[in-house]
Amino acid sequence: MANPTTGKSSIRAKLSNSSLSNLFKKNKNKRQREETEEQDNEDKDESKNQDENKDTQLTPRKRRRLTKEFEEKEARYTNELPKELRKYRPKGFRFNLPPTDRPIRIYADGVFDLFHLGHMKQLEQCKKAFPNVTLIVGVPSDKITHKLKGLTVLTDKQRCETLTHCRWVDEVVPNAPWCVTPEFLLEHKIDYVAHDDIPYVSADSDDIYKPIKEMGKFLTTQRTNGVSTSDIITKIIRDYDKYLMRNFARGATRQELNVSWLKKNELEFKKHINEFRSYFKKNQTNLNNASRDLYFEVREILLKKTLGKKLYSKLIGNELKKQNQRQRKQNFLDDPFTRKLIREASPATEFANEFTGENSTAKSPDDNGNLFSQEDDEDTNSNNTNTNSDSDSNTNSTPPSEDDDDNDRLTLENLTQKKKQSAN
């Protein structure tokens with residue numbers, strides 16, 4: 001049990017005038033400290049702003065000076081090399097001349113996951129950079145690659161084995177370091193490290209190949225645009241459903257593909273819809289023809305019922321005759337032999353027609369084709385005339401008139417005169 005007298009004394013001490021004054025003094029000290037800190041921060045900010053303003057005022061001059069120095073340095077570095085080696089020099093750095101008394105050892109490192117055309121072209125450039133090259137390829141382990149770059153499709157052993165089957169590769173170094181060090185170069189007697197000139201950024205540095213470039217042992221290769229492992233993976237992810245259906249069709253199970261039961265049924269439903277669409281598109285013409293035939297059959301049945309058999313037979317007969325006329329005319333015009341028989345206007349035919357008395361106008365193919373329509377009209381009219389031939393012959397038969405005899409005499413006289421003129 002606590003003594004009540006001691007508790008009261010402590011409370012009195014806290015509430016005494018001296019303690020209250022001390023509390024106010026503490027608050028004053030805090031305020032003074034905060035004010036001084038704010039002033040110091042403002043002074044620092046002003047000084048920084050002044051320095052930045054000075055820098056911004058000097059940047060155009062600095063830029064001109066730096067660009068001029070950089071251009072002079074680039075010109076000096078390029079003039080040190082022969083023309084055939086200038087393309088291998090990295091921008092802003094020197095390039096060492098290759099040794100002549102031994103094979104040149106070039107090192108190219110990379111993940112080489114899903115070995116593709118871009119990898120092959122880069123290794124080919126390394127191998128063909130000099131006449132006598134030994135190409136060494138380094139492959140980092142799965143542990144380092146997954147930590148620094150991300151998950152891979154193939155394991156490090158599979159990637160190393162893939163590179164051994166490439167014709168340009170002479171040696172494969174497994175468990176290669178992520179950043180090449182001078183000790184690693186000495187260990188494997190490497191003359192050049194090959195990669196494209198784009199800075200390769202990591203967590204520690206802006207360019208992991210910068211120390212190698214400063215040593216003059218960096219060989220620049222050209223990157224193949226549009227081809228990379230990331231591009232291949234993005235294509236697969238973009239068409240994920242299509243590749244799933246492809247693997248299901250080849251016998252893969254949903255457990256192997258890590259697909260849920262709902263996703264599999266969804267894909268099968270989409271597959272059936274696509275199959276129905278393709279079937280409908282293929283058979284659309286057949287369906288149209290069948291519907292057209294059905295329409296004509298129904299139409300004929302309705303015409304028979306409404307018109308009767310006699311009118312329907314007459315209607316069908318006229319339509320068939322018209323179709324036959326068109327077909328015969330087309331066959332006549334398409335036949336080359338009959339087209340040769342058509343007489344066309346010429347001076348010889350006109351001269352002969354003057355003595356024969358025939359019509360001098362030439363017959364066109366359409367005129368000859370119209371003969372079929374005339375013949376068909378005669379056939380149609382023959383049936384009607386035959387029925388009334390007996391009665392019409394008795395009533396309409398009249399002897400030839402005198403005008404007809406006069407016309408015949410004139411034509412004979414004209415012919416005899418023309419023959420005499422031709423003989424003279």
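From the backbone N, Cα and C atoms, a Cβ is placed for every residue, glycine too.
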If you check Swiss-Prot, which of Thr59, Thr181 turns up marked as phosphothreonine?
Thr59
Which residue among Ser346, Ser364 does Swiss-Prot mark as phosphoserine?
Ser346
Which residue does Swiss-Prot record as phosphoserine, given the choices Ser16, Ser141, Ser202, Ser313?
Ser16
In sequence order, which residues at least six apart in the same chain have a CB under 8 Å from the CB of Leu117 (CTP binding site)?
Thr224, Val227
Inter-residue C-alpha distance, Val111 (CTP binding site) and Trp178 (substrate binding site) (nearest angstrom):
10
Can you check which residue among the recorded positions Thr59, Lys149, Trp178 has the largest number of Cβ atoms within 10 Å of its own?
Trp178
Give me the CA-CA distance between Leu114 (CTP binding site) and Trp178 (substrate binding site), in Å, as a whole number.
19
